[in-house]
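Below is one structure, written out as structure tokens; the observations come after it.
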Amino acid sequence: CAASRQAACGATCIPIPWLCDGEQQCPNGTDEQCGCECCSVPSVCGAKKVQCPGTHHCIPHWELCDRHQDCEDGWDEEGCPQQPCLPGQWQCRNRVCIMAEWKCNGIDDCGDSSDEDVCAPCPPGMVRCDEGKCILESLMCNDEDDCLDGTDEPSTCGELCEAAGHRPRARVVVQPHNFLPAYFCQVCSARVDVRSGDLYWLAFPHLSCPRTHMPCRDGTECVAQEYVCDGEKDCADGSDEDTCAHLCDTPGRSHFAYPCGLGVCLNASLVCDGRQDCADGSDEGGNCSVPCQRSCAHLCYPSPQGPRCWCDPGYRLAEDGLSCVDIDECAEQGEGACSQTCLNAPGSYSCDCLPGYLLEPDGQDCKLTGPEPMLLVAVQSDVLFYGLRSGREEVLLATDKDRVIFSLDYDLVERKIFWMDLATESIRWQGLDPGKKGTLVKGVRSDCIAVDWLGRNLYWIDGAAGQVLATRLGAAWRGVPEYTVVVDGDLDRPHSLVLQPLAGLLYWSEVGSRPRLMEATMDGSRRRVLLAQGLGWPTALALDLPTWRIFWLDEKLGSVGSAHLDGTSVKVLQLGWVRSPFAAAVCEGQLYWSEKKAWSVQQVDKASGKNRTVLLKRHGQPHGLQVPSPRSPKPYCTNGCAKSNGGCAQLCLPNP
């Protein structure tokens with residue numbers, strides 16, 4: 001396993017990125033045994049490090065096969081792959097091949113930062129790790145090794161250990177032999193590296209959360225600020241829902257809610273009932289015996305503060321303390337109220353679904369009718385279909401092992417898969433019927449392609465040239481390029497591209513010095529900035545047409561964002577597991593994306609960012625990802641180019 005830069009997993013080997021990723025792969029769970037129990041330290045090496053055989057010397061896993069002998073006996077360089085990169089690619093220090101233009105683009109595409117460690121200084125607000133990668137300053141001293149070599153967690157971060165109380169996750173701390181800590185630590189096991197003289201000890205560090213998160217009271221975990229006081233207990237001890245008494249009348253919580261003194265919401269029918277239901281007893285005593293004689297519009301309840309007016313479900317007490325006003329749940333809860341259409345009514349609301357969807361029994365979520373929705377995903381040199389309900393996997397396309405399938409899309413009219421072939425610098429296609437395949441265009445490079453199934457065109461991004469280009473879906477390679485530049489000029493490293501054929505619009509992201517989301521008509525005209533604030537590297541885009549929103553995953557900020565297609569109603573969720581997203585798709589109530597470094601395809605609830613699930617994890621990096629429509633387009637769907645190619649002899653580009 002070590003010779004192939006993999007980790008032992010029983011009788012098999014697994015990729016190193018699968019270690020300590022929260023998903024058990026080995027039958028005995030050894031791939032997730034990342035911490036240590038007190039006084040039981042099997043190795044001096046911490047997470048993301050490997051031990052040179054026969055010694056106590058530890059090296060970061062990214063130093064395996066880096067063409068430099070780090071272990072005394074050269075074990076870390078034995079049996080390393082020698083396959084050269086393809087034309088147009090660049091070989092990383094760890095021998096991973098990436099596109100040549102990705103070097104010095106501010107993103108760690110190699111995984112060992114070797115494509116960035118010889119480049120210009122990090123952007124403002126970021127710092128460079130010793131191994132070369134740039135990280136946000138806010139990630140320094142957050143008790144997580146965001147740098148592969150751990151240089152973002154030096155001993156100077158401050159207090160590492162706490163003398164008493166609860167114990168967060170243990171970790172191995174390294175201290176040079178000529179320096180001893182000036183603070184007290186709970187140390188239950190220590191070893192000395194006889195080769196270097198460095199002292200290793202097992203300690204319990206003080207939990208430090210990023211600015212976007214808050215620590216739970218027991219000190220064992222952090223939760224996103226968006227999850228605080230949202231009516232759900234995300235901390236194991238429920239402390240994220242404490243001190244939320246001021247939100248007792250928030251839509252979605254129990255009606256007639258009475259705020260206890262400690263911040264808990266209590267059903268008002270339990271107030272002044274002779275039993276202490278609030279932990280501090282604040283629901284009893286006081287003026288509970290005073291009778292209700294107020295002119296309340298709905299109901300009157302006794303309380304320790306005297307008689308109070310209350311409102312029926314769906315209403316809120318007005319400022320006069322007597323009358324009640326309707327709560328517009330659709331406006332106040334936003335996406336959390338309904339997955340598609342929300343209809344407000346006096347004292348209530350209801351959800352509805354678009355044609356082709358069926359309302360689930362919960363009255364909120366909409367489910368596609370007809371065949372099972374499928375996820376189309378490229379994993380290294382293969383294209384798979386994954387059933388989003390059954391979990392069934394089917395290999396649709398298997399190319400040569402030396403090829404990498406990057407972006408892909410699906411033409412639901414002719415049932416063809418289009419993909420970017422890096423090895424031949426061409427966009428190729430294959431039908432779902434056996435034997436049908438071909439090449440659409442050659443001599444192009446692209447991070448992202450997109451099919452306009454209605455106008456019968458294919459668009460792609462050329463990040464190096466800063467262009468959006470297009471060609472006809474029916475084109476066949478005849479030795480001469482047949483495509484046109486749709487958008488050019490003032491594009492700052494365009495990266496991801498999505499289309500809205502019914503509206504004749506295209507959207508793309510830019511990840512340069514001025515990150516932004518852009519919109520234009522499909523002929524490249526009427527270009528406008530959709531969003532230019534709060535973005536880092538929006539590397540993956542997806543459209544959710546039922547809700548008329550655009551989603552993006554931000555590699556630099558580790559977040560998921562969404563906004564209405566007019567640029568309003570922006571919502572951003574900070575999610576720690578968003579690390580290296582490549583492509584994304586939305587289906588029903590879920591957001592799906594491919595994680596390059598974790599070699600997995602994952603999903604979360606699109607509205608809350610909760611309930612993360614790893615759907616696919618295979619030997620190879622996942623890239624392109626789509627959820628094709630299970631239904632054929634309606635016959636009334638048309639635009640200017642849909643009939644007779646708009647009267648054009650060659651390429652017709654819609655301009656709605």
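Cβ coordinates are placed from backbone N, Cα and C, and glycine is handled just like the others.
The record in TrEMBL lists a disulphide bond between Cys92 and one of Cys71, Cys110, Cys119, namely Cys110. Among the candidates Cys119, Cys122, Cys129, Cys161, the disulfide partner that TrEMBL records for Cys147 is Cys129. Reviewing Cys1, Cys26, the cysteine that TrEMBL connects to Cys13 via a disulfide bond turns out to be Cys1.
Annotation in TrEMBL places Cys104 in a disulphide bond whose other cysteine, of Cys119, Cys122, is Cys119.
Look at the domain 'EGF-like' (326-367): DSSP puts its residues at 8 helix, 16 strand, 18 coil. For Cys110 (disulfide bond), the nearest neighbour among the disulfide-bonded residues Cys13, Cys119, Cys122, judged by Cα separation, is Cys119. Note on proximity: among Cys1, Cys13, Cys104, Cys147, Cys229, the disulfide-bonded residues of the record, the Cα nearest Cys260 (disulfide bond) is that of Cys229. Taking CA atoms as the reference points, Cys229 (disulfide bond) and Cys278 (disulfide bond) are 18 Å apart. Between the candidate disulfide-bonded residues, Cys147, Cys229, the densest Cβ environment within 10 Å is the one around Cys147. Considering only the disulfide-bonded residues Cys1, Cys92, Cys134, Cys260, Cys278, the Cβ with the fewest other Cβ atoms within 10 Å is that of Cys1. Between the C-alpha atoms of Cys13 (disulfide bond) and Cys122 (disulfide bond), the distance comes to 36 Å.
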